[in-house]
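Notes for the one structure printed next.
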Amino acid sequence: MAAKSDGAAVSVEDDNTPRSLSEPGNPVARSRCTAAGGKPYTLLDCCWVLCALLVFFSDGATDLWLAADYYLRGDYWWFGLTLVFVVVPSAVVQVLSFRWFVYDYSDLSAGDSTLSTKDSDQHGGNAPAVNAANVTPVYASSGPPAAAVRVGSPRRCCTICMWVFQTVLHVLQLGQVWRYVHALYLGAQSRWHRNGPRRHFHWRLMFESADITMLRLLEAFLKSAPQLVLQLSIMIHGNGVLPLQGLSASASLVSLAWMIASYQKVLRDSRDDKLPMSYKAVIAQMLWHFFTIGARTVAFALFASVFQLYFGIFIVSHWCVMTFWIIQGETDFCMSKWEEIIYNMVVGIIYIFCWFNVKEGPSRFRMALYYSVTLAENVALTAAWYTYRGPQTSDSSALVVVCLVACSFALGTFFMLVYYCWLHPDGPVLGSQWGGCVDEGVVGTGGMVGVIDACLTPSQGSQTDMVITSPPRTLPRTKDKDLGDPVPGERDRDKDSCLPVFQVRPSPSSSPALLHRTSSTSRAQEGPVIRIDLPRKRYPAWDAHFIDRRLRKTILLLETTSAISPRIQYRSSLMGSKEVLEYETTV
């Protein structure tokens, strides 16, 4: 049986297959960590969240302080623009945050929900059934559950207090602050508890961290980026820098760089098929974006101080070109087509200021193209300002500003190379020590097909004999010529023409006897499996269970009722090549 979640069927059942064979999306390097409930929450993680809170408050406080200063000075035009770029983006983000809260909490406070378990006392092999968030109860066996646990709804007074508390927080524009504090609480709980409670708090921590980074990234490019350009333009137009102006511009720039790096770290931490990003790499990426965005915004401000109308035309044209480029790349982040288009339009705004990877696969050529265009635009904008600047700006001051733009962009490029050459989680990217690609192959003698889609470095190849990684993001479409009988000798000729560099050797544990023995003991080690009838989204997209909030509820409810952490399997990881062919030709 299955339940629908945004068009995707979700089934919950016990799994009898070992993790190493049933989940080709989990690399060997992170399987133990994921099985144990994620990496432990450290003091460094706590300090990072506290620093994020400091960045959030400094950015908002300096903008409001500057707006009040403009009002007291009588600069009502600058006061209005500064205040608009603070209030409007913050209100948009608060509405989105409150909408997520309403969806997450409404079903928990609406009434009773029934959770059923079967054989929960036998080796941890329980098969929970969920009835919440429009998820149909699913049992692993045909019989009724042996025991039923009824979870009562929160008391009415507590429910009202929670709703009032969240409403007041979001009206005061403090929704993100509450989420940061909640993340600190969940991190501390995941560190203090063990086993089941630790896994539950770890899941909630990852979901909360994903929400925070998405909200803050949206706010950064709706508020901090326009505010930075506005304040730099005011400085150049007035031929002077007030202390509050410099403080506000610096806080906005730090907020932008911080949120891009933080977003990438949380995204990698949420993916079990990607290695986590170290804090050294995060700092390097933050410096990379700090200097490149700084050079970009200074060039914008220089040009806007002389050509206000043409600057607006340039921004709109650049956004249209970047959005079209992103749409042509066929991203797959959202659950529907229209949400995907809106997402691409938002990423187009990000592309006005900096690079943001949204497509799976090697990005060095696309990034080189983007920064080549950005460099050309920065040079053209700065040269236009230098040529048509006002008489109040001396030649020496103009040369200093031009050198500032050039040096800032050069420093950003330097830290980008540092990140990719030494600190990238997957190892040095700009090098010649890449191994070959592993092609598709059959794993074991039991007929289990493993989809092999990875490039091994020599160090990785020496650590393991079998590497199974994520399946393709989308299922390949069946062509007419693929439906007929294969031509004799054609398959052998294809194998000879594309020999894989690394061969996949059958593991000793994949023999029929050992496989049966492992299957019989896996029920004691593996808990329920959430099977999602969707192909898994490939990095750098979020997994469906992070952006679909009904899947989140299913996972959290199973974590509460199961002694073993539930595992997630997507459609691609459950189908062999024959099943994929049948699915495509019949649906």
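Placed from the backbone N, Cα and C atoms, the Cβ positions cover glycine too.
Per TrEMBL, region 'Disordered' is recorded for 1-28 (among others).
Tertiary neighbourhood of the transmembrane segment (40-57): same-chain residues 176-177, 180, 183-184, 187-188, 190-191, 202, 205, 212, 216, 251, 254-255, 258, 262, 279, selected by CB-CB distance under 8 Å and a gap of 6+ residues from either end. Per TrEMBL, the feature transmembrane segment maps to 40-57 (among others).
According to TrEMBL, the transmembrane segment annotation covers 77-98 (among others). Residues 60, 63-64, 66-68, 70-71, 166-167, 170-171, 173, 175-176, 179, 211, 215, 218-219, 222-223, 226-227, 230-231, 234 of the same chain, all 6+ positions outside the transmembrane segment (77-98), place their C-beta atoms under 8 angstroms from a C-beta of that stretch.
For 242-261 (among others), the entry in TrEMBL reads transmembrane segment.
Taken from TrEMBL, the feature transmembrane segment applies to 282-303 (among others).
Listed by sequence, the residues of this chain that lie at least six past the ends of the transmembrane segment (309-329) yet keep a Cβ under 8 A from its Cβ atoms are 300, 303, 341, 344-345, 347-349, 351-352, 358-359, 377, 381. The transmembrane segment annotation in TrEMBL covers 309-329 (among others).
Residues annotated as transmembrane segment in TrEMBL: 341-358 (among others).
Per TrEMBL, the feature transmembrane segment maps to 400-420 (among others). Only residues 6 or more beyond the boundaries of the transmembrane segment (400-420), in the same chain, are considered here, and those with a CB under 8 A from a CB of the stretch are 281, 284-285, 287-296, 298-299, 302, 364, 371, 375, 378, 382, 386, 428-430.
Here TrEMBL flags 461-529 (among others) as region 'Disordered'.
Positions annotated as compositional bias 'Basic and acidic residues' by TrEMBL: 477-497.
According to TrEMBL, the feature compositional bias 'Polar residues' maps to 506-524.
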